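These notes concern the structure reproduced below.
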Amino acid sequence: PRSDCIAAEQLCLSDSSCNATYRTLEHCALAKTRVLPLDHNSRVRCLNAELDLGNSSLLHCKCQRRMKRQEHCLRVFWTVHASLADGYFNLETSPYENPANEEHWKTDYNKLAAVLSGKDCSQLSGDATNPCLKATHVCNLSKKCVRHRTDYASICTRGAGSEDMCDRRKCHRGLRNFFEKVPEDFTKRILFCPCQDEICGERRRKTIVPECSFHYNTKPNCLWLLDSCLEDHICKSRLADFQQNCQPADMSPRGCSPHNHAACLQAYMGMIGTPMTPNYISNSSVDVSLWCTCESSGNQKEKCDQILGMFENNKCL
């Protein structure tokens, strides 16, 4: 039976044979992280160690998006599946459980319904034509939502407009906390609010405080963004999850599998707060992109275009 990777690791370490195999895989994964060249014998030893796990629960373990010690769980997954991280991802490597298998977070639906139906008019004064402002008012009804939103906004705007650079890593961590710890009824409403004008669109685009979390002074190459992502267990996992759940389906009339739509939006939210944070490209469009370019990519131009195209030309988004 599938278990979470932390439990599977503990089970493996209690068995001497599995323990030895796992330690070998840790060495292999560390070499990959540090981009150390492995000789032929070492590569064979790493492959054999992965095969030696046989039907161990480590091979089939998964992680949950909102679990405690998530980073530890993901590190275990990529230790066992280090060979899957070579170059561009396969589409079946997401370390996360299927969203349908995860427990839904509870929301105070009565308060939410009152606001959305317009009954609580005192909360909605002046925002009837701005769904993104309305979504903020809905967030303010939840202590958890407003606390985490205030936290990341404070971190991400610190140093903005001055000579000091913002602390991008802390900003990203604050964004991840918001999208992981606040129920999706609030976060999706803020990030995907439907706009009819540019004032609303600007509020939506600035949800993630792009001056800190998204923009660099100059656009980096998308391959550099990918390399930064692959060095981080969380980003690597979110990218694999995004690829799996936002994979276009040619057989579908709209070019995307209908049952994947919610999972794709969830995977998209998972990318926010990572080195590959995406965002809306303007105030008058729902098109999204990474903040990067494929100029000067040399003979890797095709690979670079593919990375950028996952966001710019993805029919599932």
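In case you wondered, yes, glycine gets a Cβ from its N, Cα and C as well.
Counted with DSSP, the domain 'GDNF/GAS1' (5-85) comes out as 59 helix, 2 strand, 20 coil. The domain 'GDNF/GAS1' annotation in TrEMBL covers 5-85 (among others).
The domain 'GDNF/GAS1' annotation in TrEMBL covers 132-212 (among others).
As a whole-number mean, the pLDDT of the domain 'GDNF/GAS1' (222-316) in this prediction is 87. If you look up TrEMBL, you'll see 222-316 (among others) marked as domain 'GDNF/GAS1'.
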